[in-house]
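First comes the structure, then the notes that go with it.
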Amino acid sequence: MDSSGASSPDMEPSYGGGLFDMVKGGAGRLFSNLKDNLKDTLKDTSSRVIQSVTSYTKGDLDFTYVTSRIIVMSFPLDSVDIGFRNQVDDIRSFLDSRHLDHYTVYNLSPKSYRTAKFHSRVSECSWPIRQAPSLHNLFAVCRNMYNWLLQNPKNVCVVHCLDGRAASSILVGAMFIFCNLYSTPGPAVRLLYAKRPGIGLSPSHRRYLGYMCDLLADKPYRPHFKPLTIKSITVSPVPFFNKQRNGCRPYCDVLIGETKIYTTCADFERMKEYRVQDGKIFIPLSITVQGDVVVSMYHLRSTIGSRLQAKVTNTQIFQLQFHTGFIPLDTTVLKFTKPELDACDVPEKYPQLFQVTLDVELQPHDKVMELTPPWEHYCTKDVNPSILFSSHQEHQDTLVLGGQAPIDIPPDNPRHFGQGGFFSTLCWQDQKSEKSFCEEDHAALVNQESEQSDDELLTLSSPHGNANGDKPHAARKPSKKQQEPAAPAPPEDVDLLGLEGSAVSKNFSSPAAPPSNSELLSDLFGGGGAAGPVQSGQSGVDDVFHPSGPTSTQSTPRRSATSTSASPTLRVGEGATFDPFGAPSKPSGQDLLGSFLNTASASSDPFLQPTRSPSPTVHASSTPAVNIQPDVSGAWDWHTKPGGFGMGSKSAATSPTGSSHGTPTHQNKPQTLDPFADLGTLGGSSFASKPSTPTGLGGGFPPLSSPQKASPQPMGGGWQQGGGYNWQQTQSKPQSSMPHSSPQNRPNYNVSFSSMPGGQNERGKAAANLEGKQKAADFEDLLSGQGFNAHKDKKGPRTIAEMRKEEMAKEMDPEKLKILEWIEGKERNIRALLSTMHTVLWAGETKWKPVGMADLVTPEQVKKVYRKAVLVVHPDKATGQPYEQYAKMIFMELNDAWSEFENQGQKPLY
């Protein structure tokens, strides 16, 4: 007898002897546990009943179209069962309404039903539940499905297991591989997860999909028939499955298919218990197997009750499954890591670097097989993947959804999808330089519209699909049409790395580039026509911020913005020096960054000279190193245009203040750089400029050396004179400027923006009224003069939730969608649902009065209001009415919320 029970601190000595004390205390704990378990069971059963009735009432079926001709569903039942959504009569009605006399059902579960329900077109496969199917059966079912689809273009296959997850998914994935849609398991699994989430494929399932790929490869692999001897199994480190979490008591089972042929399980006392200190588990087997082999290891447990009943329980540690025909002939050791093992569901029970090792040996002679495998003498080269679809567009969309590029676009390497494995898919027999791309440009080129012919596109070999109805292996093996180019192209010199820096002299036809950021901003502010495309005889700048876009997308790789604008040193024209603080000779004195967005004046811009130089060497050592990034927000010369903001620069003849030569004018560096000097004067003027305003008074920065000034100011250079200009001078006559050091011209940071009409007592109200208007359109005065509105029209959904609602509204019943919007954020919250029920009731309902949250504080109030709501929306009162189904859905939501309210103890609101 264990002494721990007698010495337990919760036992009182007044209860008597040790045995009766233990029985009494144990009985109390037993009934307490029984009460808790019974309560949880009833709660779970009640919730499952409600969910089942809800789903049945709403007409939901567990029914998924993986393709238009492959359907997956869960098990159909003849009777109502808890937790099952598919009733056989509903499924038959649905299939007969859409695919009458053109569907066949494949039952993969060991459970059966009356096949007459589906017009006796049911194939019983009886696959095991927690294992992968045998390779023989998997291949045979795929071949049967293909033959059925081949008979009539309207035929469809309906696949189901118990839950419509793992077994159904491996069959559909194998069917994709069988029809040459995919040549690797990865895209097939991704497509299955996209179409039916939560399929739960185990590593053994994926392994068998790989076997199907080997059987259906260009050079198909044929499994051998040599028996395999498993000498021993080694597990390291020792997993933690006992109560102390320091070891386990393992035994091993070996199965061929579903038949157990060997086990090491013995009497509990005779079995060895392994501890963490042992380091590994070693179990000798010496069993010979052939075909589909399953190796499972269990932990044997024994409790006091099981000892009295002479029973033991077990917990599965892991399971692995493989086919002996795919093991290489010289293999002696098979290693499986934790991601390659099945049934490893509790990660904390497995130490790091957990692995299983099988010591094996292949026999030299083949075993005579009773049945010929279905893959023998079966040619799959004529199998067309288009048989899985009803249209070519569906075929293309499925390839994209599975993570593989469509057949008319060069795909990535399937082994390293999405990681730039592009050059491995090129057909090097066709030496066209137009098909040489940078890896970083591949993703951008795929998304652009291409003007190439089909023959040019076929020069990029695709390992997965076929095009234009050719044979399915035309994509795997290049045909004559792929090897012979449509028209020989002259050899061209391509600078892949951009080391030479010179533009290609030959002009190529390139697809129209989408508008860049600078073009969009240029059109927005009225200066879109300033820049034109770079001619073929000139050296253009391949800048992503340039309005004309890159010069070519096929002949030369696209340079990044960093390589064109952020060079460490800049080459300046001959004899020219660069002063970053001096004013340039352009007509607009403050156009520091506008030259990056205007190509019309690029010939005289010292900033663009280094990017046009074919040599990366520096020719002006006296030039300081400047790092300039193109600014897509616009130039600084927006004040020179009478219409407001302008992106491009004007010529020297349009401004009386600019110089006509290209040499930069040097000026003294200003002593004060105060960009906030005019912040206090923004309240009294509008940003919209007037056409009749004199030069420099258009609501912006005045040009340098403006004729409006009486004399040059010693402290008003470059930035400060334009930045400190008083904006309110646009409303008064021009005045001669005073020296910058005078107190009248200094910036005032204490201005309170009190330019409001009315007296001192009325200003608070006026400010409150104007605040809302300013928030509604803060920049309306800027854009109103240019023909734009400050209010952005909402033409589409702006959030993910709105986009999801928009998609649901296309397919879902409007009444159901309204119910979902009602319960959003209020799931099973009885108070929230009752207080908002008036928003979801049907038209014409006048009995229900809106209830506030203040009337739902106590449980009694909630109960009273809930009963009133039930009387209003009860389905029995809506029998025969057009809103009967709608009332039933409202009633179900209220019923679920009330059940949750009762389960939580009917707590008051506060």
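For all residues, glycine too, the Cβ spot is worked out from N, Cα and C.
Sequence annotations record features per position, and here Swiss-Prot assigns active site, phosphocysteine intermediate to C161. For C161 (active site, phosphocysteine intermediate), other Cβ atoms within 10 Å of its Cβ number 25.
What Swiss-Prot records for 547-569 (among others) is compositional bias 'Low complexity'.
Residues or ranges marked as compositional bias 'Polar residues' by Swiss-Prot: 596-626 (among others).
The annotation compositional bias 'Low complexity' is assigned in Swiss-Prot to 651-666 (among others).
Taken from Swiss-Prot, the feature compositional bias 'Gly residues' covers 715-725.
Here Swiss-Prot flags 732-758 (among others) as compositional bias 'Polar residues'.
Per Swiss-Prot, domain 'Phosphatase tensin-type' is recorded for 52-219, and the stated evidence type is sequence analysis.
The annotation domain 'C2 tensin-type' is assigned in Swiss-Prot to 225-363 on the grounds of sequence analysis.
Helix, strand and coil counts from DSSP across the domain 'J' (846-910) read 42 helix, 0 strand, 23 coil. Feature annotation from Swiss-Prot assigns domain 'J' to 846-910; the stated evidence is sequence analysis.
Per Swiss-Prot, the feature region '3 X 4 AA approximate tandem repeats' maps to 33-44.
Feature annotation from Swiss-Prot assigns repeat '1' to 33-36.
The annotation repeat '2' is assigned in Swiss-Prot to 37-40.
Residues or ranges marked as motif 'SH3-binding' in Swiss-Prot (evidence: sequence analysis): 406-414.
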For the region '3 X 4 AA approximate tandem repeats' (33-44), what's the mean pLDDT in this predicted model? 60
Per-state residue totals over the domain 'C2 tensin-type' (225-363) - DSSP helix, strand, coil: 20 helix, 69 strand, 50 coil
State the three-class DSSP label for C161 (active site, phosphocysteine intermediate), counting H, G and I as helix, E and B as strand, and everything else as coil. coil
